[in-house]
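Note sheet for the following structure.
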Amino acid sequence: PKHTAASRLRLSGLCFLLQILNILLFAVFVRYSQESSPGRCPPQLNCSRRNQGSGFQQPRFQDVHIQVLLSFGLLVAFLGCYGPSSAAISILIIAFAIQWAVLIQGFFFSFLNGKIYVGAQSMVSADFCTSAVLISTGAVLGRVNPVQMLLLALLEVILGTLNEYILLSLMGVSDSGRSLTVHTFGAYFGLMVSRVLYQPHKDKRKREELQDMGHQTDVFAVVGTIYVWIFWPSFTSTTSVHGNAESWAVLNSYFSLVASTIATFIISPVLYEESTPWMVLIQHATLAGVAVMGMAGEMLVTPFGALITGFLAGLISPLGFRFFSPVLHSRLHIQDTCGVHNIHGLPGILGALLGTLLTLLATADTYGDRLDLVFPLVAQGSRTVTDQAFIQLSALPLTLLLAVLGGCLTGEL
């Protein structure tokens, strides 16, 4: 539909105000870190980033940006009739959310003597926060305008950073690949916004449009899937501790990814009439396979464990589209446009539960020197393995609570 002059100026005016706000806040508070390593966190700060001393790793840094722009961006370019405009709006959301996340995360994690000290790792962390926002927009795509999406990003960055601060800094939760703080939080925040914005007549039309997944959608899905295969393991392992944990996070992500893809080819012909899955389903399965490795990637000590986990995630995604999504709409009045519940929400929960189980198995014999890096409080004797596992598990309902309340509040506003 064509937009009126008033609606166009509303978006232009909001973008102007938000950008001026960011510029002023950056001018007052933000400074580059004076540490020798651009990504290093000053020792005086309360930082949750565990690999700050690693320096500026340009290839890994670029991989994270590519994932945010293409894998998440192409996910929200889901509908054939909304594809190009959705991709354009996703770039707008990314451009704003990265700036806003640097500020908000800076106030929580790197505020010292009245200034926010940023480095390369600050941008990586902002990318993670932006990813959660993009996941949420996938739940409401086609039913909110760009102005509303910007307001969603404005509030979600604040609430998502609060959730991250509570989990990673205050509770000491290990979630390097962000099963909870990105995938779970982003999915259920968006779903709650969708619930508040539910409009039966409009949502009926959107369901009809979803059934028309034509050539353009397949092109987006092909490109998005390829980029997931190439770059997501780097995305998952960017904030992992160094040494074996980093390589384990990469390898476990790959093993999970390939198993989830095979699972889709197994279950899809059973659920649908086509002998070969739609490319969109393959894209969703690959995303689910790597999302489930967010927390557990650096904890899994055997490749077959990653294969089993990925296989389960690959089954959950198509089953969710076939059975869970209709229930969400008919019973809970939640229209999940891009299926983020099946792609990110359920795999994120599965990843958190798996991480809790693996925490119970964390010993010096299985982890070696890595125990001090993955679970420093356990290695130091400040916590028992059982205590750490309980904290890992309690982080799941807390994340869901903050996401639900935040999504409802944002939807009402």
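Each Cβ is built from the backbone N, Cα and C atoms, and glycine gets one as well.
The transmembrane segment annotation in TrEMBL covers 12-30 (among others). Away from its own ends, the transmembrane segment (12-30) comes close to residues 92, 96, 99-100, 102-103, 106-107, 111, 114-116, 118, 147, 150, 154 of its chain (Cβ-Cβ under 8 Å, at least six residues beyond either end).
Feature annotation from TrEMBL assigns domain 'Ammonium transporter AmtB-like' to 56-411.
Feature annotation from TrEMBL assigns transmembrane segment to 64-82 (among others).
Annotated transmembrane segment per TrEMBL: 89-112 (among others), in sequence order.
The transmembrane segment annotation in TrEMBL covers 124-142 (among others).
Panel annotation: around the transmembrane segment (149-168), residues 11, 14-15, 18, 48, 89, 92-93, 96-97, 100-101, 104-105, 108-109, 129-130, 132-133, 136-137, 140, 175, 180-181, 185-186, 189, 193, 395, 398-399, 402-403, 406, 409-410, 413 of the same chain, lying at least six beyond its termini, place a Cβ under 8 Å from a Cβ of the stretch. The annotation transmembrane segment is assigned in TrEMBL to 149-168 (among others).
If you look up TrEMBL, you'll see 180-198 (among others) marked as transmembrane segment. Through the fold, the transmembrane segment (180-198) approaches residues 128-129, 131-140, 143-144, 152, 156, 159-160, 163-164, 167-168, 173, 291, 294-295, 328, 332-337, 340-341, 343-345, 347-349, 351-352, 395-396, 399-400, 402-404, 406-408, 410-412 of its own chain, all at least 6 residues removed from its boundaries and within a Cβ separation under 8 Å.
According to TrEMBL, the feature transmembrane segment maps to 219-235 (among others).
Nonlocal intrachain contacts for the transmembrane segment (247-271), taken as residues 6+ away from its ends with a CB within less than 8 angstroms of a stretch CB, comprise 176-177, 228-229, 232-234, 236-237, 240, 277-278, 281-282, 284-286, 288-290, 292-293, 296-298, 300-301, 303, 305-315, 317-319, 322. For 247-271 (among others), the entry in TrEMBL reads transmembrane segment.
As annotated by TrEMBL, transmembrane segment applies to 278-297 (among others).
Residues or ranges marked as transmembrane segment in TrEMBL: 303-324 (among others). Within its own chain, the transmembrane segment (303-324) has Cβ neighbours under 8 Å at 251-253, 255-264, 266-268, 271-272, 277, 281, 284-285, 287-289, 291-293, 296, 339, 341-343, 346-347, 350-351, 354, counting only residues six or more beyond its boundaries.
For 345-364 (among others), the entry in TrEMBL reads transmembrane segment. Panel annotation: around the transmembrane segment (345-364), residues 174-175, 177, 179-180, 182-184, 187-188, 191, 287-289, 291-296, 299-300, 309, 312-313, 316-317, 320, 324, 371, 374-375, 378-379, 385-386, 388-389, 392-393, 395-396, 399 of the same chain, lying at least six beyond its termini, place a Cβ under 8 Å from a Cβ of the stretch.
Among the features that TrEMBL reports, transmembrane segment is placed at 389-409 (among others).
Per-residue pLDDT, averaged across the domain 'Ammonium transporter AmtB-like' (56-411), gives 82.
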